[in-house]
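Marked as transmembrane segment by TrEMBL: 56-76. According to TrEMBL, the active site, proton donor annotation covers GLU304, GLU544. Taken from TrEMBL, the feature active site applies to ASP437, GLU573. Marked as disulfide bond by TrEMBL: CYS501-CYS530. TrEMBL lists THR662 with the feature Ca(2+) binding site.
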Amino acid sequence: MYSGPAAAAGPPRRDFISVALGPEEAVGVGGYNNSKAWRRRSCWRKWKQLSRLQRSVILFLFAFLAVCGVISYTSVGEAWKSITNKSLDNQRTQEEIPGLKLANPAVLPAPQKADASRGDYPELSPQKPPKLPHVRRGPSNLQIKAPRRDMRLKTLHDTVKAVEELVEADKAEKTEKSIISWRGAVIEPDQNTEPPSTKIKESEKPSSVQAEDQKEPVPINERQLAVIEAFRHAWKGYKDFAWGHDELKPLSKSYSEWFGLGLTLIDALDTMWILGLKEEFEEARKWVANDLVFDKNVDVNLFESTIRILGGLLSTYHLSRDSLFLEKAKDIGNRLMPAFKTPSKIPYSDVNIGRGTAHPPRWTSDSTVAEVTSIQLEFRELSRLTGDEKFQKAVDEVMKHVHTLSGKNDGLVPMFINTNSGQFTHLGVYTLGARADSYYEYLLKQWIQGGKKENELLEDYMKAIEGVKKHLLQRSEPKKLTFVGELAHGHFSAKMDHLVCFLPGTLALGAHNGLAADHMKLAETLIETCYQMYVQTETGLSPEIVHFNLRAQKGHKDVEIKPADRHNLLRPETVESLFYMYRFTGDKKYQDWGWEILQNFNRYTRVPTGGYTSINNVQNPRNPEPRDKMESFFLGETLKYMFLLFSDDIDLINLDKYVFNTEAHPLPIWVPA
């Protein structure tokens, strides 16, 4: 401590400097010898002579430089790693595809009419890369993993874009608005029953749904963008004029109610998820969370509320993993259970979800066969998720009962069943159209859902298809189109509902799962017929019902349409089957047919202020007589199947992992734990 002048009176301070002039002068001298020990003592003395503030500043500078060095090393290392990986991937890609040159992404052109010969299916051969921007599928907050090395090269364009995406993803997100599509859960198929060509070589996973790993990004193509635009236009009308109500009336800019449960919104939830419409989905989710209430005094149809509401909520839960939708599914599922309190266990058609009571229609004690046998996928899945067996037990009893009933005709069932006696009624009338159609569909799909173990379901399905071949198949004139008619008390009718066009897709699904190969051949002939139901009308849109000519007549087409049957309700069945046919065959014509149908929907049913409308007359292109109603299934089914039809990504709702309910809501296929 400084003490003033007295301190200066002490002995003078001496400083020492050590100088080494040469090796010989230092010999035998205890002074500086340039050794490490001497240097350490000298440095330490200098360090101790510094003030505490000086030492703190030096230490802080060293620490700061060290932190900066670590950060710089990380940034440079990651950049170098990305450049190295890109170079290696480019080299591997060029080795796999000789002559391939990586190019920058092209600018997306405006949607235009597609060429009928747009490349080949990616499973058969690579196609020329379309001029489309790369869009990453998957939520923006998830890390996109590098493509699996053993994954099949889907398209040449996908390979190019997948390499560039890893380096330029962040930059691209800042310069263009991404179209995001999300994936759902991975449910592996039964390895013992899957045909070898479609086995997925991964370890068997438990039946509980797990989040799917992100795979190789697949671009949204031009036709899919057109579907997204159509959906947004329809959604705009619903949001502006019918928000929270069941169905939009686009011409009068109002709405109609059936159950008062927001049918269109719930039906469209998983469609928005699959199309990647994140903003619209989040807005709809808020409505479900805050405004969807099932505790109300209203009668609902058991079948329609199961396939649209319960099915839609379960599907959205699996895709999003959001427990809100599962809780809502449990609520509506429990409220529908009173329908099964009948003497025969065949459920009533109507349930009051507020009072907990159920009853048949006012005019009869019958239920339709399709309605009581097309709720099984949904209730079975609800039991699996909740652990409550009552849901599956109720619907399984229905199927077991129908399996044992008499009154079938080579596997074909009548249209009605009595809830008191449990017996078929109105015997002798057999159709694959209204009131019976989805019975046949759910026989196959329950068998697939349950891991292909329930042999009674498969047995009934196979018998029914043989019954169709034996009793209901005929060929028209002049083009000899194979169609499915109806049988009434031994008399054949050449009448075919548009609803029957679900059958080609179902047959193809069965063939894909190892059933008879001739099912696929029949599917190919029937989908041609369903397409002709569109082509042979003036608007290019199918009527609700057609009659086929069995005898050639000059000036007559294969298809005849009665005035009462010429309406179009924006139905999905043909597009649904086109999706299955393209997914399983890779034949581009099915995509082209679907594209024609979408264009005709836009031409004759689109309402400028938002929404699409059913029409009364498919034979009058000048005035198709709009009906002022957009069915909920247009968003829930038709546009969803359109989007999937135009996709070359087999993992976008993989049909070895999911099975669609009859309202196009994908539910997972079960696998052993």
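Every residue gets a Cβ built from N, Cα and C, even glycine.
Here the candidates are the recorded positions GLU304, GLU544, THR662. The one whose C-alpha lies nearest to that of ASP437 (active site) is THR662. Most other Cβ atoms within 10 A: among the active-site residues GLU304, GLU573, that distinction falls to GLU573. If one looks beyond the transmembrane segment (56-76) by at least 6 residues along the same chain, the residues whose Cβ comes under 8 Å of a Cβ in the stretch are 50. Same-chain residues at least 6 positions away in sequence with a Cβ under 8 Å from that of CYS530 (disulfide bond) are, in sequence order, HIS498, CYS501, PRO504, SER542, GLU573, THR574, SER577. Neighbour list (THR662 (Ca(2+) binding site), Cβ cut-off 8 Å, at least 6 residues apart, same chain): ILE307, SER374, SER438, GLU441, TYR442, PHE502. GLU304 (active site, proton donor) is 19 Å away from GLU544 (active site, proton donor) when you measure Cα to Cα.
A simple way to gauge crowding: the CB of GLU544 (active site, proton donor) has 19 other CB atoms within 10 angstroms, across all the protein chains here.
Here the recorded positions are ASP437, CYS501; the one with the fewest Cβ atoms within 10 Å of its Cβ is ASP437.
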